[in-house]
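One structure is given here, and the rest of the page talks about it.
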Amino acid sequence: MGKEKTHINIVVIGHVDSGKSTTTGHLIYKCGGIDKRTIEKFEKEAQEMGKGSFKYAWVLDKLKAERERGITIDIALWKFETAKFYVTIIDAPGHRDFIKKMITGTSQADCAVLVVACGTGEFEAGISKNGQTREHALLAQTLGVKQMIVACNKMDSTEPPFSEKRFEEIITEVKSFIKKIGYNPATIPFVPISGFNGDNMLEPSANMSWYKGWSVERKEGNASGKTLLEALDCIIPPQRPTDRPLRLPLQDVYKIGGIGTVPVGRVETGVIKPGMVVTFAPQNVTTEVKSVEMHHESLPEAQPGDNVGFNVKNVSVKDIRRGSVCSDSKNDPAKESKSFTAQVIVMNHPGQIGAGYTPVLDCHTAHIACKFAELKEKVDRRTGKKVEDLPKFLKSGDAGIVELIPTKPLCVEAFTDYAPLGRFAVRDMRQTVAVGVIKGVTKDDGSGGKVTKSAAKKK
């Protein structure tokens, strides 16, 4: 086998009819984990239902339906390979909880693939004031997705088909709006494709001989190519934050007979290993780690990205819970957040948000109501510059700096210190009404917590 390929995560974004599903389906279909038998079964069903023209999207729809019914489908189905990487598609929007998932993200996307439809009138609809193209791109930027690829889809339905003029017109427009959001167009490949016919997806298309290819300039090295697959192959792989202090938000806490208390979660930053003395916030409980396991094998050390279970001494299941954060007691231990300041972008709130509003925040694995105690300023969401001091309220489309107070103990961090613990979704009326990035946190001083005997010995 040789060295395993690097794993990267992508998120596919764009307006509802841009052809995200077809494009994604095509990649999975041609380079991915779906076995031929499953594909043939899907194709036959698609034909029978008169959806033959829709086969790639159909593949994706089948996968989505199974995923939504809670059938844990083989996650390999959402993976495909490039020459250098194993690529996992974290999620494609269209899912009601897409935004929430992207924020509380079980995994941070390394790159966003923005799909725009080039058909006459379609591009304009997606990029208009209420189109999702800008919203998704802004979201990706706000949540720290640093890299982007733009796939100009449906080139087969421009007038005339495969029109160079239309492609140029569209990339000029896209460059202008992504620049406003904060992306540098020089670092972004723009690829004209047909997700359905396969033009420029895996092989250069004969239909667009005018297209000389994409090229990008960036400090990590320049790159160029012709196809979407090559653009994906040029993503800069993520640096794992092993050098940061430990942060591990708990997904669950189990009580296992004969072993004891086993918290489970994903290491976001730092490392965790047996013998380490850890502190759980906001409960302020300190104890020793006995063992660390992943996939039923014990590990000498777990790193960022690893989903692990670990056994702790003399801590009851009542002491800690989902949403608690495990940290190294000797290296910037996590503490309870008394209040925090955040920049929020209001997205689809039907009314307006004023001081006193108390919705539920989803931040890492925590799910806790927080009160908007004070609206400090209204800012221009593109530049971050202040527009107004102490606004009375914020409505859809506004961005502001706000002071939030949790209604129950909570542990969050500033985005610049620990990114995965510093972004949140504001949920109300069963939808995401705002997203936020935490600027600063007022922490409890952390005195008077519970310390187990084994932890005290090691102090």
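Every residue, even glycine, has its Cβ placed from backbone N, Cα and C.
Here's what Swiss-Prot has on this protein:
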{"type": "DOMAIN", "residues": "5-242", "note": "domain 'tr-type G'"}
{"type": "REGION", "residues": "14-21", "note": "region 'G1'"}
{"type": "REGION", "residues": "70-74", "note": "region 'G2'"}
{"type": "REGION", "residues": "91-94", "note": "region 'G3'"}
{"type": "REGION", "residues": "153-156", "note": "region 'G4'"}
{"type": "MOD_RES", "residues": "GLU301", "note": "5-glutamyl glycerylphosphorylethanolamine"}
{"type": "MOD_RES", "residues": "GLU374", "note": "5-glutamyl glycerylphosphorylethanolamine"}
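Assigned with DSSP, the residues of the region 'G1' (14-21) fall into helix, strand and coil as follows: 2 helix, 1 strand, 5 coil.
Long-range neighbours of GLU301 (5-glutamyl glycerylphosphorylethanolamine) (same chain, six or more residues apart, CB within less than 8 Å of its CB): VAL271, ILE272, LYS273, VAL292.
For the region 'G4' (153-156), the number of residues in each DSSP class (helix H, G, I; strand E, B; coil) is 2 helix, 1 strand, 1 coil. Long-range C-beta contacts of GLU374 (5-glutamyl glycerylphosphorylethanolamine), restricted to its own chain and to partners at least six residues apart, with a cutoff below 8 Å, comprise ALA355, LEU390, VAL402, GLU403.
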